[in-house]
Amino acid sequence: MSTREPLVLGIESSCDETGIGIVRGAQLLSNTISSSMEEHVRFGGVIPEIASRAHLDAMIPALKAALAEADITLDQVDAIAVTAGPGLAGALMVGVSAAKALAIATGKPLYGINHLVAHVGVGLLEDNGTEDGSDLLANAGSGGLGALLVSGGHTEILQVRDITSDVRLLGATLDDAAGEAYDKVARLLGLDYPGGPAIDRAAAEGNRNAFVFPRGLSNRKFMGTAEEPGAHRYDFSFSGLKTAVARVIESFEAAGEEVPVADIAASFQEAVVDVITKKAMLACREQGMKTLLLGGGVAANSRLRELLAARCASEGVRLIIPKFTLCTDNGAMVAALGARLVAAGREPSGVDFTTDSSLPVTTVCF
Ligand code: KG4
Ligand code: ZN
């Protein structure tokens, strides 16, 4: 790797992870993550105000640790990139304020970038989960790279033909994110937060066919056909599923019977994973995407990995799952996208942009 590749510092603070990453082009130099997850446990979900305060406390120590690990000083950096949206407004504000302060103090160019597109930035790194570290975007073909992002904050299918200028949102959740559905259902079942790992564990002991739970937006009215796609062909909805689980639990309780936690967990998990993988495969087939990158915390789910791998294999889609610290929110993905923007000669954002908690994927960078 040439040392003339841009050296970029990335800052991520859109949810509960304070992430600082440093890359030189496609080479990852450091990736420091500080999570406030523990502080949200007793509330059963991320509390935005607590997350913002935690970012404030973690930002400078994380920055120092990342610089030390990469063995560089701030003045060696060519540019700074920061997540400007989408995400929690107050949380984003902490990262963006820190990035602006650093940019003003050092005179370095600043890029305010899109968090969802940054998840795909992991695919640009040498450490992207492929055997040979090849650039997933350069090798994606005309249909572009598909990305399936599944976390506590988002559930999206993206199509990326050019990461600096051509990103499409093919599908997204209309209500809860998949991880959020896991967290809410875990609570209904009396399992711990975060609910994903708890349900994953409980489901291992259960029968996934014990209950048939709804697969949201899967009927013809929403899906349409390949020739005449419906408005929600690649979209998701998990609120009906959560309600269906609640009804089943209530019916056992009303009858004075023990709630079959493992069977409900396994059947719920099957409904989530079935609909996500089906729609992702449909998007890959219809949009000509031959490679699919998985991202987000739910990428840890054993059944999602199993079913997605099986369906990708039968569709002829190459599935890439980066290591877990690069799947969840981190600064390295922000830095990786920043480095690509610098290399593409993209104008920096300056310091006048504001955060946008619902920033569309079409805005890769301010
Ligand atoms: O990407 P992530 O760490 O950040 C946020 O979205 O904040 O994702 C966290 C989400 C949580 O909702 C958690 O329940 C879910 O990922 N998760 C899982 C598993 N591990 C974490 N969901 C299903 N199965 C898992 N094994
Ligand atoms: Zn994310």
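Glycine is no exception: its Cβ is also placed from the backbone N, Cα and C atoms.
Automated prediction, rather than curation, is the source of TrEMBL annotations.
Since this is a predicted model, take the numbers as computed values, not measurements.
Annotated in TrEMBL:
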DOMAIN    27-335  domain 'Gcp-like'
BINDING   H115, H119, D329  Fe cation binding site
BINDING   L149, V150, S151, G152, G153, D183, G196, D200, N301  substrate binding site
Sparsest Cβ surroundings (other CB atoms within 10 Å) among the binding-site residues H115, H119, G153, D329: G153
Neighbours of H115, H119, D329 excl. site residues, C-beta within 8 Å of centre, Fe cation: E12, S14, T83, G87, L116, A118, L149, S151, H154, G295, G296, N330, M333, V334
Cα distance (Å, whole number) from H119 (Fe cation binding site) to G153 (substrate binding site): 13
C-beta crowding around S151 (substrate binding site), within 10 angstroms: 22
Entries of S151, G196, N301, D329 (binding-site residues) sitting next to ligand 2, with Cβ under 6 Å as the cut-off: S151, D329
Residues satisfying Cβ distance under 8 Å from G196 (substrate binding site), sequence separation of at least 6: G152, G179, Y182, D183, A186, G297, V298, A300, N301
Candidates near ligand 1 among the binding-site residues H115, L149, G196, N301, judged by a Cβ under 6 angstroms: G196, N301
